[in-house]
């Protein structure tokens, strides 16, 4: 140590020994590396404070210049500014060209500059945050010697001050950007007198020789001028660091053409000053790895050797730097108390987290409550009221205005006092404020005020009821979202069970909440408060939960569906249906259109939950091993994790650079594997979403990945478009086996429950079973053969087996192909069951761990959860979409062909079914008086059946291709048919007379009989034609579209007709001259959203004021205004035709799942 420094320390030794407390001083010196743990222990063993100080100074006198500087800086940092001033003249002169010293690679030049500028030392345990430090340094260098502001902002305790100090601990930055030095000022929350004192002290530091003035400035304006002159003349090119700025007006006192770095909790504080501004946000908590690093430094262990409790502590306190440091310091003294401190955090037993020697408070709760005790008596009760705030929620000011029955300004004044004392955090969003507590503060308040919680929740509910009636809540109200999200929480906590049931069993509430936040949170509340809701009525609770679960994919879409219409589709015994019916009747009186599904009793819901977590096709979904979570991935490149019971989102990760094709949970549920078109396989932490591993082995896209079921034999299987499967031993991180046998892409793979077999399915149409130990093929099933006799067109017969899943007992395996799901018995290779529900290709299937349910994922963007027992017992009849319909005065009769080729006659009113015959039928129809039945087949043949005497009439002239549509004339004497051969045949079957209408160039899509023996037909050739069926001549020929004409209808007065096309246009024409009247509802990119796909059929009402369209679903329109009057969502999609009664009050259609819909307007 230099003689000057040594003499200065000896000269002031008595004053130092008398006043300093060594605890914090030693922490800084240990952090700097100038004091050892053993030396600290030796000092602590001294009996009195003065003797401890004497021992410390004795040690410093034996050390070098660095220890003197470290001691001086520690005094400054801990508030001993008078004592530090005594040592200032003794600070060793260090050459700026000297190399780096032994502490952290920092040069002596940097140490001297920072020491003279009052920059705080590093904390006892320091963890580098290089990314943030680099960002600050880059912004500082951008000032380039010119006046400007660099702002570091973030919540209290996030380490802003440490980052600011660390950023200037850089030789190059100080030498080139701030050769005039740095000057640190701790500002904090100040009034004008406090700010004046800060300015006076800074001026004194900058003018130690008093060359500018021998008296202190007397007011802020004078101080501001003095500071400007000192910075320009005595300290040019220096940096002024303002720590902890709270108010914009404070900054104006420093707005004097300086280079300034400031820390604050409010990034808008610089709005009041001029000049270039740069902002660096600091995250509110440490990441998991940084938190673990701090703990490892405190307990002197490698991060990898930390116990599991360390991870849980970081998770429990959300990486709060305060709590991590406090518990780390406690563990340094009591290294065996990991489980104890974790348990106290989890149980909110803050009193039991006892102090370490480095902290002033007896326990963690005292550290948190000391600020509460400092509050004014008149505001303490308001802080107690915050005990009811939910975790992780920013509460709008308006909510607290309602709670306290105060004006906004009064509430903000109270809350600002809490914010000032770091008891509450404020987030400004435009003009409004939102307030929130840290999780630990919520836990502390909840524990402290446990006996008052019920009354506090009741208080907020009483106040809410004073201000609002539920239907009056508007989405644009500042506090609207809060009430929709937490009203049920407050009611349940207040034990207002009657009110909670009334709320949750209200269709109005369901509609309002789902329209704003979607259905998942509501389903979660039904599960969360099931014990309360079941007390009122278990069945009603199940009705509402099932309604939300099965319609979730619709309730989350835009435009938002009519929830009353959805409710009318529920079973008639359901409370949802009864409320919907009541509301619908009231609205019908005001002119609203509603539909009753009169034959819905025949439909059984096999799904238990339908969710729509992705914005594009869902390629795969899987259960966690405990069955509580579902992970899914898809074309939107994301991995989603949500609750299996409610669909509530838990995690969303942008997982890959291309479509994510598969995902899988590990056996212990800690990890999720994903694989992608980008040829990579990635392993993620299933809770935090952190990337753990990244594998890049396959040469083509990786289609599937799956972990073994036993953690004792940990393998990952992957399958790729290179036709091979690979088995990976994750402990060795290398490929163990490569499995050859498929001749096309491997789409999916699954280990059997005992891990002895691996099932794989492929684009070659086969399902293969492999022996895991030997990697040999054991069995192969050709799935394609099960489609050969299906109703699908033969040209669409490419069958790609997409995926498979084992049942829990290993006896059955389920596969998906096209839009169907099949269940096989392994031993017999026989099909047990199949089910339909998805609207497009099914990409993934998986049994739940207990086998009671399974989930499926599809191109239709949905994931469905099915009950296995219901599917296996299901014997639902699926109808072909071409049906014959005759409307009668008191009902409707439907002729249809089912999936097992039976011709059946259905009474729409009673539901009674007569099975007539078995036939290979492509289309069928009824005669107007139900005396005859006609049907055509795929070979072009047409037959007429007279059911009364079972006579059959066969057409002598066949169509050349499949018959697509047939219809009797009103007198039942003539049968008209159209076919893929582009011809229309007119057959007077009683006279055996035939006429062929041949003018279309391509397949006739459909036709419609008009008055006066006229017929309207439309075709794939883009034309619409009007025929005289007596003469067989075309009377009018309209070239309407460039693509296929999908649907056509003529108005009741026969003056105009409408057409829609695959070219995504809809047009209205003048019948007499073919003039285009309107290009209505152009089906642009919004077409799919408006109509659910192509419009395949249209029908005008008799008065021409209303129009019904069929596509992905049914829609009713006001022809005059173009406004949508109602939408009916079918279970399936791709509706081909809509049959409408003459009075426009009954409608019949069949969706692509084979479900029949007979709808009536509600009156």
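From the backbone N, Cα and C atoms, a Cβ is placed for every residue, glycine too.
Here TrEMBL flags 1-90 as domain 'CARD'. Residue counts of the domain 'CARD' (1-90) by helix, strand and coil are 69 helix, 0 strand, 21 coil (DSSP-based).
Panel annotation: around the repeat 'WD' (611-652), residues 519-521, 523-524, 526-527, 549, 552-553, 556-557, 658-669, 672, 674, 676, 684, 686-687, 689, 704, 803, 840-841, 843-844, 846-850, 855-863, 865 of the same chain, lying at least six beyond its termini, place a Cβ under 8 Å from a Cβ of the stretch. Sequence annotations record features per position, and here TrEMBL assigns repeat 'WD' to 611-652 (among others).
Long-range Cβ contacts of the repeat 'WD' (653-694) within its own chain (Cβ-Cβ under 8 Å, at least 6 residues beyond either end) map to 288, 315, 619-626, 629, 631-635, 637-641, 700-711, 714, 716, 718, 748, 844. Here TrEMBL flags 653-694 (among others) as repeat 'WD'.
The repeat 'WD' annotation in TrEMBL covers 695-738 (among others). The repeat 'WD' (695-738): residue composition by secondary structure is 3 helix, 23 strand, 18 coil, according to DSSP.
For 739-780 (among others), the entry in TrEMBL reads repeat 'WD'. Here the repeat 'WD' (739-780) is broken down by DSSP into helix, strand and coil counts: 0 helix, 23 strand, 19 coil.
The annotation repeat 'WD' is assigned in TrEMBL to 835-867 (among others). Mean predicted confidence for the repeat 'WD' (835-867): the pLDDT average there is 74.
The feature repeat 'WD' is assigned by TrEMBL to 956-988 (among others).
Taken from TrEMBL, the feature repeat 'WD' applies to 997-1037 (among others). Same-chain residues lying 6+ beyond the ends of the repeat 'WD' (997-1037) with a Cβ under 8 Å from its Cβ atoms: 964-965, 967, 969-970, 974, 976, 978-986, 1043-1050, 1054, 1057, 1059, 1061, 1069, 1071, 1074, 1097, 1137.
The feature repeat 'WD' is assigned by TrEMBL to 1038-1079 (among others).
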